[in-house]
């Protein structure tokens, strides 16, 4: 993978000139000049997904110049490097092969000359056998009762992905009740334990090293709670399984290593839902539906790795994102799913994007002088419309938005879905085209309003428009289409990282806080006044000690 400063390319310089020409062009102008704009700036993925990127401040020339940037930064070579098992995560000397986890074609993928697919398939088969025993009731707890509840204990990628997917695919869930515990705040585990019965609960402890502070603190609390009821430590093996590679620590915890599900160092945490970390997904929706999830992602992998940049959906979305982030100065992107089951999708890709591309040092080790990852946030529609859309419509920040919705709902109650989708369509239209002063004035005149009131109120009712959006319309949210959608965003993030010349698959930014917390923890064990930090941190710790009693 080449290390190219994007700002030093001819394409970047051309884009800077092009931006000067485009900065005052409106989306309304672009539509007025081209009646075929939708057909030119939208694309389908099979019969599952329509991506409409026509309501953006782009022309065919913009896209051509952005694609030139991708070529100069050797995006094609980087894609090949990832899919072939090259160790593109150089700061950790690791391959990046979440694509191997969903490689349904089973074509060999090599790491250090060894095909990883036999091991991937072996773990999948083990997940299948285990999950079928739990779901069928064949697996019994220590009192002979079947499992009714599953508690996944993990954090970051070991929590966000499985939680997001099990929520998004709730229409496919079986009788098992799923719970997720991540926060080291004791409230999180305490509230979940109030809801479950030790005789019928299975705990999944998701930690590659089996040393993650938050996860192991929660796991030991769950174990203590369980043993208060079960008594004998030998019963732990019937109620705990591990998603880990540390067989020694897993065995010492009391878990039968036969119920330890492995994954590999080429699986990054925020890309791990496709691995053994997805066992909670399998237990929720069944193995066959999990395979459909993998198949949808694999289909997008094939699209990404074989489709030219001009028609490549992850590449197009990535390039448009760079256009706004680096030329228009937009610092943020909103992900707005119009589907309540998808309520954790934005949070999942908040980690996926910000932990991947939130870097200020390039692949050469130099501090960058351009923008890297955007701030990602969002909530489901229509809730967001009554919360933060005001700023998107009439604020001073540019917030490019992705609107996501299914054409077919899993809950066809009355006309709920038509009302939901009418808002989905209306919002992107309103953001793009706005509402002029002339229209507002005419509305007031038609209502017979007092002219003095009109002059005062009109400025507040004007919508400038020209706010960019993408619309992603799914036929229906199924395991297959969700898998494809997740992979679409994963590859968008990778594409941006390649072009921005940063390492997307490490996350050193999480380390310093952990190191300092480990230093502070012993200082909280007693009531002695602390003076070993800066005055602010000392003051906070000492007030905490005074107040805790």
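Cβ from N, Cα, C; glycine included.
Per Swiss-Prot, the features are as follows:
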- 355: active site, proton donor (ACT_SITE)
- 386: active site (ACT_SITE)
- 514: active site (ACT_SITE)
- 80: N6-acetyllysine (MOD_RES)
- 228: N6-acetyllysine (MOD_RES)
- 234: N6-acetyllysine (MOD_RES)
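Structure coloured by features recorded in Swiss-Prot.
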residue	record	DSSP (3 states)
80	N6-acetyllysine	helix
228	N6-acetyllysine	helix
234	N6-acetyllysine	helix
355	active site, proton donor	helix
386	active site	helix
514	active site	helix
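With a cut-off of 8 Å between CB atoms and residues at least 6 apart in sequence, the same chain places 156, 270, 507, 509, 510 near the residue listed as 'active site, proton donor', listed in sequence order. Of all the recorded positions in the record (228, 234, 386, 514), the one with the smallest CA separation from residue 80 (N6-acetyllysine) is 514. When the Cα of residue 514 (active site) is compared against those of the recorded positions 228, 234, 386, the shortest separation belongs to 228.
Cα of residue 386 (active site) to Cα of residue 228 (N6-acetyllysine): a distance of 46 Å. Separating the Cα atoms of residue 228 (N6-acetyllysine) and residue 234 (N6-acetyllysine) is a whole-number distance of 13 Å.
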